[in-house]
């Protein structure tokens, strides 16, 4: 494969040498000193460098909007980037990456800066900028030609066009990019074309206000100019008497844009921001060719690397036959763990599952740990031990349980985890006494934390992973009630597109949380975890288990109960009675989470949202949610035991409670 690619790669590099000179030039940039400056090698500089380096590997996002933060506290770098709604995804990511690199060279010491390109905008700051309307700083790009006809006719046509686009953009919804284009008949037999766009993190009202402010600036910045851009951090608008955007159906984000028309040859543009004037790149054709060649090279390289990566992952999965785990720095002596747990005494036993028991331990330095000791006669447990260790050792996220190390001695297999004092989520939400500690704010925090942990597994980690056993007993809570996903013994690597399903004849997990297509047909994908997450959300809200659920009207399971009440307009019947007595109770937010939960358990796999969409819906309270379709009704009162079953054979079952564990299996 590599031998076939090398000649083509060489040719592409040679062609690139002749086209690289035509790189796009930013329309304008502003370096702000309001929030202070930084120096080289400081924490802020390091975080900014990490942020800029990550831009070239952004995941494809259909709305072209990214909110990324790196670092902590005062040295945290927050960024927002957005592409114009008619820009293809490949071009979008390239534009953002280029904008980031360019901005740090133009603003080398400022902690806050923004840059505008024709196809994207990028900004960063050490303050919070997400979910905030910002109309300053602003800039405008204008043509040099004036309209020479009747002023009143021009202004009437232009205002009518932009006001109409503004009204549509402010209600079109975040999933549609808040991007609208349109045209109208202008004076002197001309057609006026317009474009408006808001960032999707602001509300409908803020979008409308931002665009209104932009329209109000036109008389002072762009009076009678035949073609202008007016841009701020939260929105932008543009107009011209020619089609300057790629025509797309804004009701269909996936539609393919056509080739844009070119403006008149004698049209030039200038930038106005204070006393600044900056020209717009003229070599558009050469720049486009350069970008196309670079994109082609990247595509070929990605294909090659993905083939190599799949081979490496297959090799790593086959390494279970090798007893020697190379990460010696994480290895504990068996005697150390034996002493820490008082020889695995009953007093220190925290719980037990199908593959062994979990014990609390204290190391000689006072550090508390949780030790998972696999059963000596469980061959399947040995396989799970290696699988879990090799996977979890590579994962680092605040919403995943932290693996501290392992121990192998003779037939002994042990995993060492951080100790979490509040044990597992099921001990709280299913207990009427402990449930009093879970106010709505805490439950919402847990829902959001689990969602972000799953997003990391599905999309942001080095290895894309399906958990396959997400449930309340596998969500551990630290002293601040921060949720941490545990139990990766059932997890699987998944290095292909998330819309594609895999098949297995080994069904593992817990009934009530398992997606029907997985239980009945052995199909699993990232949407399998999404289904489990939806069940968990409904359990957190109701304080009831999906499996074995019962209510006054005796409906079979929690999902059925939630769906029926949703359709009847009384979804709040689902809510835990304890919550309704608490000061933090918020019916609007609870209704929103019920909606999200039902979206996640929809019967059709393709209609379930990705975890990236779920996190966006949870973080963006103004995002309009779609109406859920019929859920996958699936009612079982038993759980699959930790001994897995095969399709076509009777599954060994055990009581639901006996399958819950305090720490990962």
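Count begins at 1; order follows the chain as displayed.
Cβ atoms are placed via backbone N, Cα and C, with glycine included.
Looking up 146, 324 in Swiss-Prot shows the N-linked glycosylation site annotation sitting on 146. Residue counts for the domain 'Gnk2-homologous 1' (26-129) under DSSP, split into helix (H, G, I), strand (E, B) and coil, are 36 helix, 36 strand, 32 coil. Residue 510 (phosphothreonine) carries neither a helix nor a strand DSSP state and counts as coil. Around residue 510 (phosphothreonine), taking its Cβ as the centre, 26 other Cβ atoms fall within 10 Å, counting all chains. Residue 417 (phosphotyrosine) and residue 510 (phosphothreonine) are 23 Å apart (CA-CA, integer value).
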